[in-house]
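Enquirer: Sharing a structure, written as structure tokens. Questions coming.
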Amino acid sequence: MDPYKHRPSSAFNAPYWTTNSGAPVWNNDSSLTVGARGPILLEDYHCEKLANFDRERIPERVVHARGASAKGFFEVTHDITHLTCADFLRAPGVQTPVIVRFSTVIHERGSPETLRDPRGFAVKFYTREGNWDLVGNNFPVFFIRDGIKFPDMVHALKPNPRTHIQDNWRILDFFSHHPESLHMFSFLFDDVGIPADYRHMDGSGVHTYTLVSRAGTVTYVKFHWRPTCGVRSLMDDEAVRCGANHSHATKDLTDAIAAGNFPEWTLYIQTMDPEMEDRLDDLDPLDVTKTWPEDTFPLQPVGRLVLNRNIDNFFAENEQLAFCPGLIVPGIYYSDDKLLQTRIFSYSDTQRHRLGPNYLLLPANAPKCAHHNNHYDGSMNFMHRHEEVDYFPSRYDAVRNAPRYPIPTAHIAGRREKTVISKENNFKQPGERYRAMDPARQERFITRWVDALSDPRLTHEIRTIWLSNWSQADRSLGQKLASRLSAKPSM
């Protein structure tokens, strides 16, 4: 027991074996029985040992179950105080401790790290004004734009509930109803669809967020991570060979940090004045299935992320590590992106299910700054408290509201309605991305799609929809796919 932190710690281990309650165990090799051959007694430590073992595992994440974490710091390199009042971005040279979790998305905790699958890239900043979670992926876009479809999307991507095998026909059936997914698939089926490891991988906040300055000026922002060592991906045959070690990316990250070869990323932002939104003919800046063109909205450097420490315990700092896009700090705010709004609720909700209502008290998730509220008790609450006043306000407790900080104050009015955005434009950016590939890369992209569309359970109707969608993105792409599939593209 650490007497200063009021919680168990292996740094204060007893020199001999004990029970969970601290009683000495004089024999941890044999069960207590009635005679040498008799039955085991319920009073034996054996029962506590088994009961604890039976409860070691917790529910795995419904997505991003397979992951690896590391610790380090974020250092500001460029002044953006004209855009945000965020304290941890207050000046170049300021460093903030972080923990980062990389992950695959769809498959289980023990699945290979060589699957064609998006990768999670989540960063927790332990700032002086609370924790900020930037919870993103390696691709800058997503499959869907409305969070109400998220459970259906995950079900379609997950293994078949009857056979527990991931089926292309299920995936292509679902996304045939969602042509906005084409842009994401232009990344996933491209050469970048299987990152070589976590160190050579881009990251993106994916959503549009909001920066708020000290004066209250609001700016739309997108966040991007770029590895200083460059991006590397696995070709399909390389992934098969690499799959002999199903934890290759975790091992690469751990070994690199242990050897002092610290991974590093540069944080860039793209910014947009919200008043410019109405002047964009074919782009909704809150559409998570689109990127902002860099020639119009250039990348601006902000700082660097360095991972220089491996985690001390996988369960405590990876499995119990919890991220939520709803965790923000003054100077950074949400946008009205429908998928982001969904994630703000869903992520904290799933952590309470997975880890319990007091998951933010766990060391990896707790803020490193002083904090104070009246959120009391609940399952597994181990915070040491001795206050007599558990309400607010009170003349017996001097605690007060924090100093006011600016938040967006846009006026919003409208009718209750369920609708899609007006600027869908689902085909332009996927087509541009395909045409930017060199011929050999295009050929590999086509080969992967022919393989997916050749699933014997895929109906002619669904295959025709996909040929039509890709033809609308790029006519020659649709024709090549149709030719390989001995079908005619439908326009």
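Cβ atoms are placed via backbone N, Cα and C, with glycine included.
I grabbed these lines from Swiss-Prot:
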ACT_SITE  His64  active site
ACT_SITE  Asn137  active site
BINDING   Tyr347  heme binding site
Enquirer: Report, in whole Å, the straight Cα-to-Cα distance of Tyr347 (heme binding site) from Asn137 (active site).
Expert: 15
Enquirer: Return one of helix, strand or coil for Asn137 (active site), based on DSSP.
Expert: strand
Enquirer: C-alpha of His64 (active site) to C-alpha of Tyr347 (heme binding site): distance in Å?
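Expert: Counting only the Cα atoms, the answer is 12 Å.
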Enquirer: In sequence order, which residues at least six apart in the same chain have a CB under 8 Å from the CB of Tyr347 (heme binding site)?
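Expert: Spatial neighbours, sequence-distant, of Tyr347 (heme binding site): Val135, Phe323, Cys324, Pro325, Gly326.
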